[in-house]
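Visitor: Handing you this structure, nothing more for now.
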There are 2 protein chains.
Amino acid sequence: MARAGEEALIARYFAPLSGPGAEGLRDDAASLTPSPGHDLVLTADAVVAGVHYFPDDPPGSIAVKALGVNLSDLAAKGAVPRGFLLTLALPDDWTEAWLSAFAEGLGASSLEHGCPLLGGDTVRSGGPALIGVTAFGELPAGTIVRRQAARAGDRLCVSGTIGDAALGLALRLAPDEALDPAHREALRDRYLHPRPRLALAPVLRAHARAAMDISDGLVGDLTKMLSGTGLTARIEAARVPLSPAARAAIARDPARLATALTGGDDYEILCAVPPEALPAFLAEAARVGVPAAEVGIVEAGAAPPRVLDVAGTAMAFAAGSFSHF
Amino acid sequence: MARAGEEALIARYFAPLSGPGAEGLRDDAASLTPSPGHDLVLTADAVVAGVHYFPDDPPGSIAVKALGVNLSDLAAKGAVPRGFLLTLALPDDWTEAWLSAFAEGLGASSLEHGCPLLGGDTVRSGGPALIGVTAFGELPAGTIVRRQAARAGDRLCVSGTIGDAALGLALRLAPDEALDPAHREALRDRYLHPRPRLALAPVLRAHARAAMDISDGLVGDLTKMLSGTGLTARIEAARVPLSPAARAAIARDPARLATALTGGDDYEILCAVPPEALPAFLAEAARVGVPAAEVGIVEAGAAPPRVLDVAGTAMAFAAGSFSHF
């Protein structure tokens, strides 16, 4: 099948995903009217073939990841999605089949999260595919939850389970046939399909003092949360929530615990909650269907955060933070 | 010199460019508070090395182009810039010297246009450099100037001069040493450095019925403006404003007129103005320092727009529209 030119490609695959203000993608810009009394929250993250995903991942999964990693940032800030722009840089050998499946996955994810496509750009990459998303959310004016606003004594909490995606990636690079196939599939799925914790956004606004999403590993991202603030933290490894699949993988190889704690792509939320707000935070998180757990505490001091094992000894990690760069 | 990691790179080169709401680029998202009663205008355009610019172009010029092509879209919609996000995908052989010069050019352009950096992402491209910008502007609610809103009888106007950048590109690909060096430099400069017509934004809001920026050539973009609307147009080539440098280049080779009318990268404004508003539009454009000229008229009919030569004959073009894709 002959490949479509840029205009035809947009009309065929992306115009059906467009929302109000996008003019059916027939203009050079979109308009967005924020709700009265609200701030916009803006975030941009790109994923690159061979860097952030495997070039032969299902195109729909790549789309889910490209949008999901951005929605995860909005969730961590306490924002409700309003829309996104897509910068799609295609390799010279792109196919209509790939693009069709990509657009289908993107549309499904966009619909699921109430985040319509508002515009974007399509270019030749001259190399691997790059999918850049800019996502827009909104929240009541002045209520954005910042990354570096924790105080000593705040309790550190995480949503969901930690390390699944990193273990999923590790098992793709070094398969472990002895692990239960259902567990292998669960971990693989977490690597492929981030689950932005948007349901937690209002709970974070109400109760968290600081928050970020965990994209580069719990240990590394906690370090970023406190870097330069004069604060440190202590986490108890035994309190970090692990999925049954992660537990099974770690049981077969205890070194995988470090992978779980430092590997990337969790897209869970890390937040600092004042102690007096902790019960309400945990209860409301459960009520919106996002399990959350207390894992540690913020303390005064400039040392790097520590992760303590069951004996109370600080664990040492070869790499503190996963980096896609 | 050892190259900085992502966090250090952001702190060193990009944090100094950041504006209010960006938290010094130490958060995953920025906040933007639109002015009361205003809509946001959103646009995303990326430039790729070897596709949209020459890999050995001065890094500062590449930055000016990456931001400028987006600000040009805001100008065409009638918006005032509020900020931008940067997605920087770097090739494996990036250098600190390149990045430093790029950031310097970006900072100067950002300052010139009152458009601070609000955030972004830095990734490995695995191929050529890609610079993706998402720019945000604002305008009084409901006043966005759309691309496809022209009506029969509207006068077509363009800002500035047409074809300089396309001729600058053509002369880079096929140098013409007989052309006056000052003219060659003027055309080269127009190719390297788009001049977003932001001063024209309020004049467009006040008087234009439809507008777009000319990025893919006057003829092709006019076709896009009218595509599917049941309208066509007639332009008189002799009324299309040309710079002294473009006139000199065309005098040496009349075939270059087609390049000027169909080539890309003008980043001037094409707009449709109701006849009764034309005098005020032209007068106010002159008052804000952006020359504008009437070049044709919108007419009923579904045929492609025609460009008439001095004899009144429709010109034929090998390629109606320049495409970067």
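The count begins at 1 with the first shown residue.
Cβ coordinates come from backbone N, Cα and C, glycine included.
The following feature annotations were taken from TrEMBL:
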DOMAIN    B:27-138  domain 'PurM-like N-terminal'
BINDING   B:Asp28, B:Asp73, B:Asp213  Mg(2+) 3 binding site
BINDING   B:Asp28, B:Thr43, B:Asp73  Mg(2+) 4 binding site
BINDING   B:Asp45, B:Asp121  Mg(2+) 1 binding site
BINDING   B:Asp45, B:Asp73  Mg(2+) 2 binding site
BINDING   B:His52, B:Asp265, B:Phe322  substrate binding site
BINDING   B:Gly120, B:Asp121, B:Arg147, B:Ser215  ATP binding site
DOMAIN    B:151-301  domain 'PurM-like C-terminal'
BINDING   B:Asp216  Mg(2+) 5 binding site
Visitor: Given the binding-site residues B:His52, B:Arg147, which one is most crowded in terms of C-beta atoms within 10 angstroms?
Guide: B:Arg147
Visitor: May I ask for the distance between B:His52 (substrate binding site) and B:Asp73 (Mg(2+) 3 binding site), taken between their Cα atoms and rounded to an integer number of Å?
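Guide: On Cα coordinates alone, these residues lie 16 Å apart.
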Visitor: Taking the Cα of the residue listed as 'Mg(2+) 5 binding site' as the centre, which of the binding-site residues listed as B:Asp28, B:Asp45, B:Asp73, B:Gly120, B:Arg147, B:Asp265 lie within 10 Å of it?
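Guide: Matched binding-site residues: B:Asp265, sequence order.
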Visitor: Given a 10 Å Cβ-Cβ cut-off, pick out the one of the binding-site residues B:Asp45, B:Asp121 that has the most other Cβ atoms nearby.
Guide: B:Asp45
Visitor: I'm trying to understand the geometry here, so how far is the Cα atom of B:Arg147 (ATP binding site) from the Cα atom of B:Asp45 (Mg(2+) 1 binding site), in Å to the nearest whole number?
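Guide: Checking the Cα atoms of B:Arg147 (ATP binding site) and B:Asp45 (Mg(2+) 1 binding site) gives a distance of 17 Å.
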Visitor: Are there any residues at least 6 positions away along the chain from B:Ser215 (ATP binding site) with a Cβ closer than 8 Å to its Cβ? List them or say none.
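Guide: Those within reach of B:Ser215 (ATP binding site), by Cβ under 8 Å and sequence separation of 6 or more, are B:Val69, B:Ser72, B:Asp221, B:Gly264, B:Asp265, B:Asp266, B:Tyr267.
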Visitor: Would you say which of the binding-site residues B:Asp73, B:Asp213, B:Asp216, B:Asp265 has the most Cβ atoms within 10 Å of its own Cβ?
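Guide: The residue with the densest Cβ neighbourhood is B:Asp213.
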Visitor: Just to be sure I understand: of B:Thr43, B:Asp45, B:Gly120, B:Asp121, which binding-site residues have a C-alpha no more than 10 angstroms from the C-alpha of B:Asp28 (Mg(2+) 3 binding site)?
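Guide: Near B:Asp28 (Mg(2+) 3 binding site), where near means Cα within 10 Å, the binding-site residues are B:Gly120, B:Asp121.
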Visitor: Listing them in sequence order, which of the binding-site residues B:Asp73, B:Gly120, B:Asp121, B:Asp213 have their Cα within 10 Å of that of B:Thr43 (Mg(2+) 4 binding site)?
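Guide: Among B:Asp73, B:Gly120, B:Asp121, B:Asp213, the ones whose Cα sits within 10 Å of that of B:Thr43 (Mg(2+) 4 binding site) are B:Asp73.
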Visitor: In whole Å, note down how far the CA of B:Asp213 (Mg(2+) 3 binding site) lies from the CA of B:Asp121 (Mg(2+) 1 binding site).
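Guide: Per the Cα atoms, B:Asp121 (Mg(2+) 1 binding site) and B:Asp213 (Mg(2+) 3 binding site) stand 27 Å apart.
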Visitor: Can you count the other CB atoms that lie within 10 A of the CB of B:Asp28 (Mg(2+) 3 binding site)?
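Guide: Counting Cβ neighbours of B:Asp28 (Mg(2+) 3 binding site) within 10 Å gives 27.
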Visitor: Please spell out the DSSP helix, strand and coil residue counts for the domain 'PurM-like N-terminal' (B:27-138).
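Guide: So the counts come to 36 helix, 44 strand, 32 coil.
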Visitor: Tell me the Cβ contacts of B:Gly120 (ATP binding site) under 8 Å, same chain only and six or more apart in sequence, or just say none.
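Guide: Spatial neighbours, sequence-distant, of B:Gly120 (ATP binding site): B:Phe14, B:Leu25, B:Leu85, B:Leu86, B:Thr87, B:Leu88.
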Visitor: With every protein chain in view, how many other Cβ atoms are within 10 Å of the Cβ of B:Thr43 (Mg(2+) 4 binding site)?
Guide: 30
Visitor: In Å, rounded, how far does the Cα of B:Asp45 (Mg(2+) 1 binding site) sit from the Cα of B:Asp73 (Mg(2+) 3 binding site)?
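Guide: Between the Cα atoms of B:Asp45 (Mg(2+) 1 binding site) and B:Asp73 (Mg(2+) 3 binding site), the distance comes to 9 Å.
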Visitor: Would you report the average pLDDT that the model assigns to the domain 'PurM-like N-terminal' (B:27-138)?
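Guide: Its mean pLDDT is 96.
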